[in-house]
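Enquirer: One structure is given below, represented as structure tokens, and several questions about it will come after.
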Amino acid sequence: MKKKKNGMGAAADRGRLLALAHHDKLNPTKPSEAQRRFKPSILLLLGSSLPRLVPPLPSSFLPVVIKQTEFHQRWLVGDLNPPPPPCHLLPIQGQGQMQMQQRRKPPPAAAPVAAKQPSPRRTPGPLSFAGALLSLLVVATFLYINDHGNMMPPHASPDPDLRLLQEAAHQKVNSILLSRHAPAPPPRTNTNTSSSDQHLRLINIPMSSDLDLELGGNSTSSSGVEIQFEQQQQQEEKNLRGCELYKGRWVYDAAGREAPLYRESECGFLTEQVTCMRNGRRDDSYQRWRWQPEGCDLPSFDARALLERLRNKRMMFVGDSLNRNQWESMVCLVQSAIPYGQKTLTKFVNNGSLNVFRAHEYNATVEFYWAPFLVQSNSDDPQVHSVRDRVIAWRSIAKHAANWKGVHYLVFNTYIWWLNNFQIKVLKSRGAPFAGSGGWSSRYALVDRAIAYREVLKTWAKWVDRRIDPNKTHVFFMAMSPNHFMPEAWGGSAGAVKCAMETQPIVNRTSGGLDIGTDWRLHGVARGVLRSMRRVGVRFVDITALSELRKDAHTSVHTLRQGKLLTPEQQADPRTYADCIHWCLPGLPDTWNHFLYAHIVAHAA
């Protein structure tokens, strides 16, 4: 009887609650009597109306729920409007009341059965209610955070990293150049060379017209070359005959059809000194400029064709680190045509002065020999040669020249090591340069740089004329490789430092030429000595003027210093550490070797 009475009392309370709620619907402006008196009952009603989701709320637990905060306490007495309903726990009015009542009423037929045979029920505990309440709070919190996040202003960006900005600016160069230049045109013909590239950027070089570039020679073609290949090379010889290879323009090859000739990642023989991209450079635009001679085309570089010319032969680069730079380029150009396991590189042969790349299938070698002055000097050690006080023996060449015998293609250079001083120290003794206990003799004379350069080349030319068989050996002399230390020479900005951050060639060359520090006296000396040679014809590869435009192609701060990569702090100090002498690879030295290839193909044909 007691349980029945309690049930009737609860029903009466719900009836009064619904009546007051209906009255409040007609007067919604003020806190209702039902809200003030029956808010705890509303919560109990919600709890009892969802028996399968939320068990009835224990009376001992209710104060903990409704009195958690001062805000809810004030709401219970009607001092505040109801808080935003995270889970719609508001008084149910109107149609919602009827739906609640309908859900609470059991089916008529099921009521007696349920009364007679009540199903066993586990008494719900506070933990089950707490779990349901926690789930509702999690959902409400998620919805609140989502809405709140949409209204919040975006977080402020952190202060920019200047180094990252520099790298980003460097990286944008490729996209800018690609937007400025159309894709490379179809293969050019000699009769339409100028018009085919009119839509591309052209950088012209004014040159004197007295260059003797008529190609020919006494050597015969290599044996074992296919007839089709011979016909192709003969046609290329006709294309080159009478062509001024070194007068022309730089053309940006946006499509990359002809430049670069290989990828940095594809050549495992490159040293860290020249791998600029691997060392942190962000743009590769310096790799995409190709040289377009005036009035002709360079033959397409064919590594297999060159290896056929080198079959059973030796090619050797002799000189300073710029010739080593070019030698590395040549190794990368030919190695792509050689299968894995059929190519090797041996360094520091013959007391360290000789490096040998060998293509075993062709029995061919591409070698480099260290001799920065060609004649003997106190800088001849290939690894420890940073000597401030340089001394040369301008009549002593036999020691180095003994390693040049039997070579079929000799490529010489000497220039950059002459630029430290305006005067060179030259030994007075005509004998061996070493005296006494093995040290260099202190008896020397200071000689003007150009005069000493001429005497050294005369010593070298005499050896070539006497020792080289022109029917077996072809000799090339590379002109001066320029440096770029003076931004004011090409109109650089006020804050420009050497060649650092340069990303494009020089485009504002005047008819009088550039003055970037190249010693053109040595250029004239070299040409004069070569013209005086009668027995052996030496090909002068005149790369100086066209290379002066390439301020963008140096290794700059993306290189080594004393055998170690520059640190970020050193890279940030280009005034001290930028290398504006050597060149990135792939890069400008590939063009120099393209000239060699053109001459070798023409001679062989």
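Cβ coordinates are placed from backbone N, Cα and C, and glycine is handled just like the others.
Sharing the record's features from Swiss-Prot:
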type	residues	note
TOPO_DOM	1-124	topological domain 'Cytoplasmic'
REGION	86-126	region 'Disordered'
TRANSMEM	125-145	transmembrane segment
TOPO_DOM	146-605	topological domain 'Lumenal'
CARBOHYD	ASN192	N-linked glycosylation site
CARBOHYD	ASN218	N-linked glycosylation site
DISULFID	CYS243-CYS296	disulfide bond
DISULFID	CYS267-CYS332	disulfide bond
DISULFID	CYS276-CYS584	disulfide bond
ACT_SITE	SER321	active site, nucleophile
CARBOHYD	ASN351	N-linked glycosylation site
CARBOHYD	ASN363	N-linked glycosylation site
CARBOHYD	ASN471	N-linked glycosylation site
DISULFID	CYS499-CYS580	disulfide bond
CARBOHYD	ASN508	N-linked glycosylation site
ACT_SITE	ASP579	active site, proton donor
MOTIF	579-582	motif 'DXXH motif'
ACT_SITE	HIS582	active site, proton acceptor
Enquirer: Run through the Cβ atoms and count how many others sit within 10 Å of the one on CYS243 (disulfide bond).
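Expert: A count of 22.
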Enquirer: May I ask which of the recorded positions CYS243, CYS276, ASN351, ASN363, ASN471 is closest to CYS580 (disulfide bond) if we compare their C-alpha atoms?
Expert: CYS276
Enquirer: By CA distance, which of the active-site residues (SER321, ASP579, HIS582) lies nearest to CYS296 (disulfide bond)?
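Expert: Given the candidates SER321, ASP579, HIS582, the nearest one is HIS582.
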Enquirer: Taking DSSP as the reference, which of helix, strand or coil describes CYS243 (disulfide bond)?
Expert: coil
Enquirer: Using C-alpha atoms, which one of the recorded positions ASN351, ASN363, CYS499 comes nearest to CYS267 (disulfide bond)?
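Expert: Its closest listed neighbour, by Cα, is ASN363.
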Enquirer: Once the DSSP letters are reduced so that anything not helix or strand counts as coil, what is ASP579 (active site, proton donor)?
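Expert: The residue in question, ASP579 (active site, proton donor), is strand (DSSP, three-state).
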Enquirer: Tell me the Cβ neighbour count for CYS276 (disulfide bond), meaning other Cβ atoms within 10 Å of its Cβ, over all protein chains shown.
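Expert: Other Cβ atoms found within 10 Å: 27.
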Enquirer: For the topological domain 'Lumenal' (146-605), what's the model's average pLDDT?
Expert: 82
Enquirer: Would you mind sorting out which of CYS276, ASN363, HIS582, CYS584 (the recorded positions) have a C-alpha within 10 A of the one on SER321 (active site, nucleophile)?
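Expert: So far as Cα distances go, the recorded positions lying within 10 Å of SER321 (active site, nucleophile) are HIS582.
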Enquirer: What kind of secondary structure is CYS296 (disulfide bond) part of, going by DSSP in three states?
Expert: coil
